[in-house]
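A.B. asks: From TrEMBL, here are the annotated features:
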type	residues	note
TRANSMEM	B:21-41	transmembrane segment
DOMAIN	B:82-274	domain 'ABC transmembrane type-1'
TRANSMEM	B:84-109	transmembrane segment
TRANSMEM	B:121-140	transmembrane segment
TRANSMEM	B:146-165	transmembrane segment
TRANSMEM	B:200-222	transmembrane segment
TRANSMEM	B:256-277	transmembrane segment
Amino acid sequence: MKSELELRGVQQRFHARGVADGYVTAVDDVSFSLLASPPQIVSLVGQSGSGKSTIARNVLGLQKPTAGSVLYGGKDIFKLSRSEYDAYRRDVQPVFQDPYAIFNPFYRVDRVLWKAVKKFKLADTRAKGLQLIEESLQAVRLEPENVLGRYPHQLSGGQRQRIMLARVHMLRPSFIIADEPVSMLDAQVRRHFLDILLDFQREHGMTTLFITHDLSTVYYLGGEVMVITKGQIVERGPVATVMHEPTHPYTKLLLDSIPSPDPDQRWTTRIQVDELERLDDNTPVDATKPEAPII
Amino acid sequence: MRLLTAVLRTIRNSRRLATGLIVLAVLILVALFSPLIVKAIGGGQDPIELAAYDKWQVPSPQHLLGTDQFGRDVLAMVVKALSVSLQIGAIAGVISTVAGVIVAFVAGYKGGWIDNVLSTFTGILLVIPTFPLLIALSAYAKNVSLFQVGVMISIFSWPFAAKTIRSQVLSLRTRPYVDLARVSKARDIEIIVTELLPNLLPFIGVGFASSALGAIFGLVGLEIIGLGPGGVIDLGQIIFNAIGTGALTLGAWPMFVVPIALLTLLFAALNMVNIGLEEVYNPRLRGVAGE
Ligand SMILES: Nc1ncnc2c1ncn2[C@@H]1O[C@H](COP(=O)(O)OP(=O)(O)O)[C@@H](O)[C@H]1O
Ligand SMILES: [Mg+2]
């Protein structure tokens, strides 16, 4: 088992107009590593524009860094052999920010799940594939009959984002790269989503890089946290330590800017699922009614 | 199959699109069956042969649209000409759409210097005054065939298709679902065909319709100044004939009016398809109208 994902001196520059030297440095000499075992949750917190998404894209191999490297099992992800690449692709999976844009509007939502089954050869028959899909949907507390066969715009944001989690559940990667996965969900659905992530960590041993600009979700998840500003990681450590005794001025600023920075006030009670199903905007939108809300 | 249902769904959602397509379908059917129709009109002889009938007959039950200066049946000529006009539209439409789509996807998806080179080239073709060049080309190449004229017209019309589609590709290729496909091990070509292309179908349809329309009218233009391809009669040539012989003063008004009416109908139908597609292309609208 390749058990480590490491960023070593990653720098990402983009050409930009109207800037002094013609480029912006979105990620500036960032190094950290994620271990598959023990499974952990590492939050990356910073303001909008601090370079978080760019780091996610670097880690996912969607953007080649201009300097430094991303290593999977000790090897540069852009220099992997065929079989190593296949292992990396399956083992490092994303959950993106916008639960609507993640679906191609042309297809039913089932397609992303079937794609995973086919591309990663999860099942050799259609029946087994369907069984896997249904199991994974249930694992993220979705009723298969409520989502399968529907188009993205017919589901709520929470449902769509949980389909992404079902996809992750099917693939059982060691690493989840979650780029602001809850920023577009409302509070109740948000907690529901985070609980599933925590379940994945506990039950399936998945490590999550959780990117957010919201400190309350960092409190809720616990684990480790890294604070990023202007492309640089300025502080890192266990959540409790960083929140109680911030050392970097930027972290202090960040903590001061939220209304109730008391880490002990974090949500401790788990909400029951059946209770949540009512709170969740779970009822599928009846698309034939003209007054039906459209996302 | 899934594509077909999606297309049907799209059509059902727009009355304008449906009307345009029905009119177009009727015109195409007439064109497809034009040999049979012409034969039926002739009733054993060729109604488009020179001196098949008396010259300049006014409309009558035997010759619904009369005959022209050579004694040819005008209705038969119009039917045949419609099929020629549609052919040039199809030839130029297909060539420019295929060329435009390929260039647009390569440029838009690959980006970088490839995009720069292709876009510059497309841009140059776009600013060249098309019609004078077309005239020069046709005057230079005597006895061109219909197909060659189609190719010539395509040279100037594909950049329009390429330009619109490229900008769409640029906006689509950074969509998160493209990233998701990439982390699901989809290859570039697979992403282009399965993720981007279906969403671009309306734009491709618009590109095709515009190119076809451009070509049909381009040929009419060439015919009117007497530079059309040899050996074929298209709608423009009949109009040219009518103007040249003063058909209107001789009471042979259908020779002038009917081709123009058909061209107008074609123009309206293709434009309705264009507008309908643009209207329908919006996943939100799909939601309102049901699946
Ligand atoms: N493809 C790109 N081209 C140019 N600049 C980019 C690109 N992607 C990100 N940037 C810039 O990099 C910086 C960091 O962006 P991003 O990583 O999206 O931040 P965050 O996710 O923390 O909001 C921003 O200034 C942004 O404008
Ligand atoms: Mg971001």
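Backbone N, Cα and C atoms are what each Cβ position is placed from, and that goes for glycine too.
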A.B. asks: Check the transmembrane segment (B:146-165) against each of B:21-41, B:84-109, B:200-222, B:256-277 and return whichever range has the most CB pairs under 8 Å.
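C.D. replies: Maximum Cβ contact count belongs to B:84-109.
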A.B. asks: At a C-beta cut-off of under 8 Å, are there same-chain residues at least 6 beyond the transmembrane segment (B:200-222) that contact it? List them, or none.
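C.D. replies: Residues 7, 10, 85-86, 88-94, 96-97, 100-101, 130-131, 134-135, 138, 149-150, 153-154, 157-158, 160-161, 164-165, 168-169, 172, 228, 234-236, 239, 263, 266-267, 270-271, 273-274, 277-278, 280-281 contact the transmembrane segment (B:200-222) from elsewhere in the chain.
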A.B. asks: For the transmembrane segment (B:21-41), give me same-chain residues lying six or more residues beyond its boundaries with a C-beta closer than 8 angstroms to one of its C-beta atoms, as numbers and ranges.
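C.D. replies: That would be 11, 47-48, 73, 75-76, 79-80, 82-83, 86-87, 262, 265-266, 268-270, 272-273.
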A.B. asks: Cβ under 8 Å, sequence separation of at least 6 from the ends of the transmembrane segment (B:84-109): give me the contacting residues as numbers and ranges.
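C.D. replies: For the transmembrane segment (B:84-109), the far contacts come to 27-28, 31, 115, 118-119, 122, 146-147, 149-151, 153-154, 157-170, 173, 188, 191-192, 196, 204, 207-209, 211-216, 218-220, 232-236, 262-263, 266.
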